[in-house]
Amino acid sequence: MGCLGNQLLIALLLVSVLEICCVQYVTVFYGVPAWKNATIPLFCATKNRDTWGTTQCLPDNDDYSELAINVTEAFDAWDNTVTEQAIEDVWNLFETSIKPCVKLTPLCIAMRCNKTETDRWGLTGNAGTTTTAITTTATPSVAENVINESNPCIKNNSCAGLEQEPMIGCKFNMTGLNRDKKKEYNETWYSRDLICEQSANESESKCYMHHCNTSVIQESCDKHYWDAIRFRYCAPPGYALLRCNDSNYLGFAPNCSKVVVSSCTRMMETQTSTWFGFNGTRAENRTYIYWHGKSNRTIISLNKYYNLTMRCRRPENKTVLPVTIMSGLVFHSQPINERPKQAWCWFEGSWKKAIQEVKETLVKHPRYTGTNDTRKINLTAPAGGDPEVTFMWTNCRGEFLYCKMNWFLNWVEDRDQKGGRWKQQNRKEQQKKNYVPCHIRQIINTWHKVGKNVYLPPREGDLTCNSTVTSLIAEIDWINSNETNITMSAEVAELYRLELGDYKLIEITPIGLAPTSVRRYTTTGASRNKRGVFVLGFLGFLATAGSAMGAASVTLSAQSRTLLAGIVQQQQQLLDVVKRQQELLRLTVWGTKNLQTRVTAIEKYLKDQAQLNSWGCAFRQVCHTTVPWPNETLVPNWNNMTWQEWERQVDFLEANITQLLEEAQIQQEKNMYELQKLNSWDIFGNWFDLTSWIRYIQYGVLIVLGVIGLRIVIYVVQMLARLRQGYRPVFSSPPAYVQQIPIHKGQEPPTKEGEEGDGGDRGGSRSWPWQIEYIHFLIRQLIRLLTWLFSSCRDWLLRSYQILQPVLQSLSTTLQRVREVIRIEIAYLQYGWRYFQEAVQAWWKLARETLASAWGDIWETLGRVGRGILAIPRRIRQGLELTLL
């Protein structure tokens with residue numbers, strides 16, 4: 001039983017040691033390549049910082065390289081903060097370019113307009129020659145009217161079908177600058193901006209501004225022409241942009257494996273148009289389609305091989321004249337010297353081949369379930385809605401063009417060849433041309449928010465715009481299983497989903513938590529060689545995102561320094577731009593974004609450092625703690641797991657671990673505070689420090705003064721006691737008097753020798769020499785004090801020894817027993833090991849002998865069989881010989 005008990009004790013000790021050694025503790029890593037989705041504001045960078053819209057953008061130096069990382073991420077062009085910011089920012093720039101500030105509510109009055117013109121353009125119901133009723137009977141094939149740069153009608157603006165611009169002159173009376181005095185004003189309006197009523201007057205019609213009573217309409221205070229701006233988005237310090245670099249990405253990819261990381265997007269150009277996207281940066285030598293995940297909204301990138309372009313022109317001259325309506329209110333009118341011709345656009349390039357490729361690409365799209373016959377896939381215009389929907393809407397240097405695209409659609413679709421019936425009811429629209437007529441409006445619907453704006457007249461003179469068509473905005477409508485329509489759309493926002501839909505914004509989370517077997521204050525401070533920062537750029541450390549956790553952790557020091565250096569560098573760049581452009585911060589949205597970006601970056605860095613500091617890990621790359629890992633079953637695979645994968649697994653533990661780390665740090669600070677109270681006792685060598693001797697002398701002087709004061713008190717008490725016995729020391733004796741007055745007592749003999757004290761004789765009178773006796777008295781008292789201290793210390797030490805002696809003896813006995821038990825167990829193990837060795841040797845010897853014997857028998861048997869086989873011919877020959885004999 002004793003042996004069994006010893007064995008159980010040893011087993012328990014081994015299990016305890018094993019548990020202590022196998023406990024995992026939380027370790028904090030700073031600089032790990034991990035991230036999470038973010039929604040913070042981005043800022044812009046551009047090469048052309050001379051335009052009004054880019055004055056606050058950072059200078060672009062094309063030094064925005066991309067790094068491929070071995071990770072898998074989800075991308076969605078429609079659920080994307082980058083595209084949403086682009087849409088909002090471009091709208092703000094678009095709105096700022098016109099600077100609306102003057103409300104035109106005074107113009108919501110009845111105006112007297114030229115009836116001939118209102119009838120001509122069909123505003124009063126008396127249509128002139130503008131429309132003709134057409135039946136839906138079959139029509140013969142119509143010849144195409146295709147023009148190019150060499151066609152003379154382009155120069156003369158005299159191409160067939162183009163008419164005069166529909167404009168109407170109106171008059172109205174208002175109270176002007178003089179009180180109670182009306183003034184008549186003359187203005188010229190585009191016909192589509194007015195709504196008129198029948199009037200009894202034969203020469204005038206009663207007209208109003210269209211929708212003036214239902215919307216807040218504003219006019220520009222100053223004219224800024226909406227020219228295209230090229231810029232790129234950049235992430236603030238501490239953030240990054242991921243891009244899906246897969247050619248098969250179609251707007252939504254839950255698992256994109258070809259991912260690159262950068263600090264900025266590609267260059268993009270501001271686009272504001274319906275139906276088409278112009279001058280985009282995503283055009284490639286192929287056609288591809290971004291398809292919304294939950295609807296039929298699409299954005300189609302056209303093949304740049306076909307060189308698709310659109311050229312628009314507003315012919316003839318115009319004169320712009322400001323009209324003062326009242327004090328502080330000015331409206332701009334357009335007096336017409338002669339009837340101008342309408343604006344128009346023509347298309348160049350291989351449009352038919354491009355549209356055919358769009359149809360073929362649509363058939364191959366995984367989301368498409370309609371007919372596979374491209375001849376039954378039609379490119380159509382929307383059925384109705386706002387003018388920006390039914391017409392192709394674009395801006396040409398300040399002029400807002402609304403182009404009727406029927407001629408163009410007939411041309412690219414060859415509609416007269418498809419069954420012989422036209423889908424339009426107007427014979428004028430039954431033509432096939434590569435150019436289209438456009439009308440101009442001064443009151444337009446806003447494309448991002450509900451509302452209307454009145455724009456200033458554009459520049460005077462002839463205006464021409466040239467654009468490259470790079471995309472189509474469309475919705476896929478399945479009429480039935482045999483027919484599909486590609487319906488053009490007015491979703492301007494889709495243009496930016498194509499431009500930036502393959503990006504996603506992430507926040508770098510450099511703080512990682514993982515279990516290790518190292519506990520705080522148990523590591524040895526190994527010396528490290530100083531290294532310079534490995535220049536990978538700000539996001540260089542994310543190149544290790546696809547590496548295993550162990551490999552990434554080796555370079556945490558360099559990664560964290562690179563992270564900090566990149567943050568500081570970008571902070572300085574932003575600060576320089578803000579300082580240079582302080583006076584322009586209110587011009588565009590970028591000034592505010594730059595400030596907000598800087599604040600965001602500072603807040604993120606301070607937040608990370610504050611969190612590390614609350615854990616006691618400030619400015620450390622690897623920080624071991626005393627907090628046990630809360631989930632023993634969740635252990636990282638350091639050789640085959642990335643930090644991003646690990647962070648996703650432990651995300652649910654982060655709050656609990658954070659709380660435990662903070663509590664442990666608070667407890668550690670309390671312990672340090674208690675330890676600092678004993679700071680003078682931690683190192684005994686400090687007692688002999690030269691600076692401590694002054695303090696020791698002070699303590700000695702205070703002790704001496706205390707002893708003297710104590711003795712004075714004792715002397716006073718004794719003196720009072722002697723006075724009660726009949727003695728009276730004289731304190732006020734003259735200097736020559738050296739002896740007290742003798743005081744006689746009775747003749748009774750003392751009961752004990754020396755009862756009355758030392759110094760007097762045994763007679764009837766005594767005296768006390770004050771000066772000498774007091775010195776002797778002090779010496780005796782000091783001797784008594786030292787003797788008492790010595791006796792007390794000796795007794796205390798003796799008692800301590802007597803108390804500790806049994807404990808020490810018991811501890812010594814226990815250690816001897818443990819040593820004896822360990823010696824016996826080691827002897828058992830040695831004996832067992834020797835027995836095991838002997839058994840293995842005996843088994844090996846037996847197996848060897850058995851194998852040798854068996855091999856000998858097998859070899860002999862094989863020899864016999866072989867000899868028998870070899871003897872067969874001889875036996876046959878001998879048999880034949882015997883037969884012949």
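Here the Cβ of each residue, glycine as well, is placed from N, Cα and C on the backbone.
Remember, it's a predicted structure, so these values are computed and weren't measured experimentally.
Take the candidates CYS345, CYS396, CYS403; Swiss-Prot pairs CYS465 in a disulfide bond with CYS396.
Of the cysteines CYS108, CYS113, CYS234, only one is given by Swiss-Prot as the disulfide partner of CYS170: CYS113. Between CYS264 and the candidates CYS221, CYS234, CYS312, Swiss-Prot records the disulphide bond with CYS234. Spacing of CYS438 (disulfide bond) relative to CYS44 (disulfide bond) is 34 Å (Cα to Cα, whole number). CYS108 (disulfide bond) carries neither a helix nor a strand DSSP state and counts as coil. The most densely surrounded of the disulfide-bonded residues CYS108, CYS396, CYS438 is CYS438 (count of other Cβ atoms within 10 A of its Cβ).
Note: the CA-CA distance between CYS403 (disulfide bond) and CYS345 (disulfide bond) rounds to 8 Å. Here CYS234 (disulfide bond) is positioned 53 angstrom away from CYS113 (disulfide bond), judged by their C-alpha atoms. Using Cα positions, the member of the disulfide-bonded residues CYS57, CYS108, CYS170, CYS234, CYS396 nearest to CYS312 (disulfide bond) is identified as CYS396. Model confidence over the topological domain 'Cytoplasmic' (722-885) stands at 74, taken as the mean pLDDT rounded to a whole number.
Cα of CYS256 (disulfide bond) to Cα of CYS108 (disulfide bond): a span of 55 Å.
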